[in-house]
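**Q** The structure's right below; bear with me while I get my questions together.
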Amino acid sequence: MPIPFTCIEACDLSEDGKSELRLYGASGTRLFVQSSSGASAVWPEEADVRNDEENGEGPPGKRVKLSDPVENTSNFSCLTITNDKKHLVAVTAEDKCIRVFSIDSECRIKQLSERCMARRPCAICVTADDSLILCADKFGDVYSLPLIPSPEDEQQPAAPEQADVPEESSFVPSASVLTVHSGRNRKVLEAQLKQAKKGPKKPKEAPTFKHDLLLGHVSMLTDIAYAVVDKRSYIITADRDEHVRVSRGPPQAHIIEDFCHGHEAFISRLCVVGQDLLVSGGGDPDLFVWDWLHYKLLQKLPIRNAVFEFMRAQTDLASTLPEDVSSFKVAVSGIWSVPHAQSDVKEILVACEGVPALFSFNVGSSSTTGQAIALSGNALDVTFVQAGTESTCTAIVSVDNAHMPGSTTEIRKDESAVRLHFFSPQSDGQWTQAAGAVQQAFEGLGGSADKPTTNAKALHNILYGVENLRKRPGSDD
Amino acid sequence: MPGEPAKRLKREEYKNALHSEENKAELPKKRFYRQRAHANPFSDHSLQYPRSPADMDWASYYPAYAVNKEIEMTEGESHDHDQQQPAPTPHGPISKQVEIADIGCGYGGLLFALAPKFPETLILGMEIRTAVTEYVQEKVRALRTQHLSTNSYQNASCIRANTMKFLPNFFKKGQLSKIFLCFPDPHFKQRKHKARIVSYTLNSEYAYVLKPGGVVYTITDVEDLHKWMVGHLERHPSFERLNEEEEKSDECVEIMRMETEEGKKVTRNGGNKYVACFRRIEDPPWP
């Protein structure tokens, strides 16, 4: 059974009358790309086959190594395209690595850099000028890294925040005997002294590439957004402790402009809609719509009710529901702004963990009810493309083909479930399955190059982690 | 754990007795409120905190400043026939804002020393340990009762909070004029350094709640921690260090050195006290 696409990204590379659309998909440890021109590629390459094809002329013993002799065992968790569409920035979860890829006109994927962070990145974004990657991590910090490190950057020794921790050549204990201590501190000090006798401990290896600490929460970060309004850049960060923080963009990222207060459960996703609206969602029954430049709550969109109503209408899902909507919980796993030709329509699509549907809301309108778009599997990721001649966009939706619809643990029996859905909005605002050029171009993404999945537990962990952010009552000290 | 229930029972008995009419003005005894010195700032606990500063029920902490003097019973209380609550406390907004925060106030030594020095300013002690917070709250109650005629100590209060996570839930941008960080947990282990109360990233939150010109006061007896705090505050573009003259002329520095519980302990031990104060400077214009 092929692993579902955890992340997908599409872009339009059409120029000079030549139209080309591309779809990138991350599935487990591998990255796929499919062009509407027919070209496709996989990273890492299947070494044996490709080696022979490309280096067939050389003598067998002296085979030139491929540019990517990499063996990747970590699963992709984030994927984003730079604004100039020339690079792909991805995160692999287990090795905490930020990887930058270039993809040429023939769809060949080349990894330019891999930079392993000290803490696992949970979300990344790229600044408007494509110079910096902003990386938010599970420890609550946001770092900036150059997209393409310059030679000087490479020589920079260590992160600045490490620099002020003096590297004691001769050991000095952290405190003197005169210090007032609790029993525990005394023990730590004794341990330090003991350690000193053994010789200095090897410091944990800090990343040697350039990475600057911009800001931090004392909480797990869950999402990050970057926005430029009136030439001012902003970083918006969300954390597990209900905070949406608006900071200035670099080089003034240490300045907190303000907070959007109101959530009562964890926040998992942020989505800037248009320029001045922000939608945030997570473990609360509602999505919050903000005038984020004035930190004002404009509207709440009842996502929990929408999911509940949808599930209740499905014969095979209704039995899993509690009787009362108030004891039903949703965990928002994705919010996407729909690129509409008319800018006055502000529509979002929303996914919740383990729910085989997307929910469409009009943001800032008087109606707050969501329209459900049923899927054949749980929604995982969404991306949009605008096929050259068509005026409306197509939403490409990655669905979970491994688990039963509505379940995050039960594995499907049929192995033929599709991994991608294609939808287009109709003139009345309804989304219907689209059987257009886009679908034809991309249906085969990753279709031929399948690898058996890892075990069920591992697959669950790759796909579903949002509900785990919820706080459990009674975990007091 | 044997002995544990007896201890809890004793504490409960003591606390109940403290609330009786004749003991109202009696200061609480510390030994009934001891708690281990460390708390993990990263854990969830079961903390109570307002969704935003506007949601904060300040009147229950500073009843003398309540805007709604007529007492509104909250829903919870009207059903609650708790005899230990003799007079219902007012709820809602207050006529003044808290301007001084003592973060990690411990048993409140500094809080009670500052209250009479700044009678017109609301001062809030913030402490993560439940029992210690309770002690300070009892002491506030007792001191207010003792000074009914002068209305002293109405400006001091204490709340249980994890300020490292939730400071912006309590205070608006630029609300505070002083923040005290006195004898914080040194977190000696390298691995635990993010748990320290001063760090480059956390300093942004102190800068956020402080008004320009406001001051962060730090004191510790651990030289290593002192260097750490100075290093991280000096590196932060929103702060500049007070020079020696300015430090000397600030009466809060002397109070902080002499009146905090830890400060007294250090004096008894003949230890060193390291002080550093930093002023919040105005934000630069956008680039």
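Keep in mind that glycine also has a Cβ here, set from the backbone N, Cα and C atoms.
Feature annotation from TrEMBL assigns compositional bias 'Basic and acidic residues' to B:1-29, B:74-83. Residues or ranges marked as region 'Disordered' by TrEMBL: B:1-35, B:74-95. Under the heading S-adenosyl-L-methionine binding site, TrEMBL lists B:GLY104, B:GLU127, B:ILE128, B:ASN162, B:THR163, B:CYS182, B:THR260, B:GLU261, B:GLU262. What TrEMBL lists as active site is B:ASP185.
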**Q** Select from the binding-site residues B:GLY104, B:THR163, B:THR260: which have any Cβ-Cβ contact with chain A shorter than 8 Å?
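**A** Nothing passes the 8 Å Cβ test.
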**Q** List only the single closest residue to B:ASP185 (active site), chosen from the binding-site residues B:GLY104, B:ILE128, B:GLU262 by CA-CA distance.
**A** B:GLY104
**Q** Among the recorded positions listed here, B:GLY104, B:ASP185, B:THR260, B:GLU262, which has the most company in the form of other Cβ atoms within 10 Å of its Cβ?
**A** B:THR260
**Q** Across all the protein chains here, work out how many other Cβ atoms are within 10 Å of the Cβ of B:THR163 (S-adenosyl-L-methionine binding site).
**A** 27
**Q** Just to be sure I understand the packing, how many Cβ atoms besides its own are within 10 Å of the Cβ of B:ILE128 (S-adenosyl-L-methionine binding site)?
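**A** Within a 10 Å radius of the Cβ of B:ILE128 (S-adenosyl-L-methionine binding site) lie 23 other Cβ atoms.
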**Q** Based on DSSP, name the secondary structure state of B:ILE128 (S-adenosyl-L-methionine binding site): helix, strand or coil.
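**A** Where B:ILE128 (S-adenosyl-L-methionine binding site) sits, the three-state DSSP reduction gives coil.
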**Q** Return the maximum Cα to Cα distance in Å (whole number) over the record's S-adenosyl-L-methionine-binding residues: B:GLY104, B:GLU127, B:ILE128, B:ASN162, B:THR163, B:CYS182, B:THR260, B:GLU261, B:GLU262.
**A** 20
**Q** Quick one: DSSP breakdown of the compositional bias 'Basic and acidic residues' (B:1-29) into helix, strand and coil?
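**A** Tallying H, G and I as helix, E and B as strand, the rest coil: 18 helix, 0 strand, 11 coil.
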